[in-house]
Amino acid sequence: MESANQTGMIHFHFRPFSKLPEVQMLIFVAFLIMYLVSISGNVSISLIIWINHSLHTPMYFFLANLAVLEICYSSTIAPLTLASVLSTERDFISLPGCGTQMFFFIFLGSADCILLAVMAYDRFVAICHPLRYTLTMSWRLCVQLALGSLVLGFILAMQLTILIFQLPFCSSKEISLFYCDVLPVMRLACADTLVHEATLFVVSIIVLPIPFLLIILSYVFIAAAILKIRSAEGRHKAFSTCSSHLTVVLLQYGCGGLIYLCPSSSYSPERDQVVSVVYTFITPGLNPLIYSMRNRELRDALKRTMIRFLLS
C-alpha cells in the first residue's frame, strides 16, 4: 500500500483500439474528421447567431451556449485521444492530468444535459404561452438559466472528481476507454468503491433522468398545444423548432443512460467504448447538422452570411 500514497508516481495509459498500426491510422483519420466537423459546425452556429441580429432571441441564445459547450466538451477529449491513437508507443497520463480531464468531462457533459432541459422549457413557454413569452423569458432569466446549468455542472463535477481521486491507486494501470471516465478509473482503485458508485449513481440521476423527465413533460404540453394550432403552416413551424432539439436530446440522453444508468454488474468495456465514441465524437458533430437542417431561420441566416461573405 505504500505505492498507493505516492500519487505523483502513478500514471495511467489508455487501451488502444487496435494493435495494428494501419487500423490505428484509419481510426485517427476518422476521429480527426469528426472532431474538425464538430468544431467547425459549432463555431459556425455560434458566429451566425452572434452576427445575425434576427437570431438574438432566447432560443438561439441557448443554442449558441450549447454550441460553445460542445466545442469545449469535444476539445476536452479529442486532442488527447488523437495524440494517443497516433502514437506508436504507449502514452501515459498522470493522475492529476487524468483528474483534470475527468473534471471537465463531467462538468461540461452535465451542463450540456441541463441546458437541453432549459431549452425544452424555452420551447414550452414559446409554444404553450406565446403571449407571455417575451415577459417570461427575459434576458435576465436566460442568463441566469445558462449560468445555473454551468454552476450545477461545476458543483457536481468537482464533488465527484475529488471523491474519485481520494481513492488509493496502487500502481500504473490501463484505462479501458480512450479517456478518463469515472467508471473505468474507479475500477482501477485498490479499495472498496461502493460509496463512490452510489455517489456516481446519484449524480447520474440528477443529470440524466430528472432533466429528461422534465423535457418529456414539456413536450407533452407542447404536442398538445401544436395539435390545437389550426393552420398546417403553423403546426409545421412549431414542430420544426422542436424536432431538432428532441433529436439531440434522444442522442445525448440515450448514450448517457447506456453508460451511467446501467447496473455496475452489467459493465462492458467493449460496449462503453462504442457508446463513448458516439457520445464524444459523433454526437457533437451531428448537433450542428441537425439544427441547421431542421431549422429554417438558421438555414436562411447561414445563406445570408455566406452571400455577404462572398460579396465582400
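Keep in mind that glycine also has a Cβ here, set from the backbone N, Cα and C atoms.
Please treat TrEMBL annotations as automatic predictions, because they have not gone through curation.
Proximity of distant same-chain residues to the transmembrane segment (25-50), defined by a Cβ-Cβ separation under 8 Å and at least 6 residues beyond the stretch ends, is recorded for 17-18, 56, 60-61, 63-64, 67-68, 70-71, 74-75, 78, 81-82, 85-86, 281-282, 284-285, 287-289, 291-292, 298, 301-302, 305. Per TrEMBL, transmembrane segment is recorded for 25-50 (among others).
Residues or ranges marked as domain 'G-protein coupled receptors family 1 profile' in TrEMBL: 41-291. Across the domain 'G-protein coupled receptors family 1 profile' (41-291), mean pLDDT in this model comes to 89.
According to TrEMBL, the transmembrane segment annotation covers 62-82 (among others).
What TrEMBL lists as transmembrane segment is 102-121 (among others). Listed by sequence, the residues of this chain that lie at least six past the ends of the transmembrane segment (102-121) yet keep a Cβ under 8 A from its Cβ atoms are 59, 62-63, 65-66, 69-70, 72-73, 76-77, 145-146, 148-150, 152-154, 156-158, 160-161, 164, 179-182, 185, 203, 207-208, 211-212, 214-215, 218-219, 245, 248-249, 252-253, 256.
Annotation source TrEMBL lists transmembrane segment at 141-165 (among others).
Taken from TrEMBL, the feature transmembrane segment covers 201-227 (among others).
Positions annotated as transmembrane segment by TrEMBL: 239-261 (among others).
For the transmembrane segment (273-293), same-chain residues at least 6 beyond its ends with a Cβ under 8 Å from one of its own Cβ atoms are 17, 31, 34-35, 37-38, 41-42, 44-45, 63, 66-67, 70, 73-74, 77-78, 81, 176-179, 181, 244, 247-248, 251-252, 255-256, 258-259, 299, 302. The transmembrane segment annotation in TrEMBL covers 273-293 (among others).
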Same-chain residues at least 6 beyond the ends of the transmembrane segment (201-227) with CB under 8 Å of its CB atoms are 106, 109-110, 113-114, 116-117, 120-121, 123-124, 127-128, 152-153, 156, 159-160, 235, 238-239, 242, 246, 249, 253, 256-257, 260-261
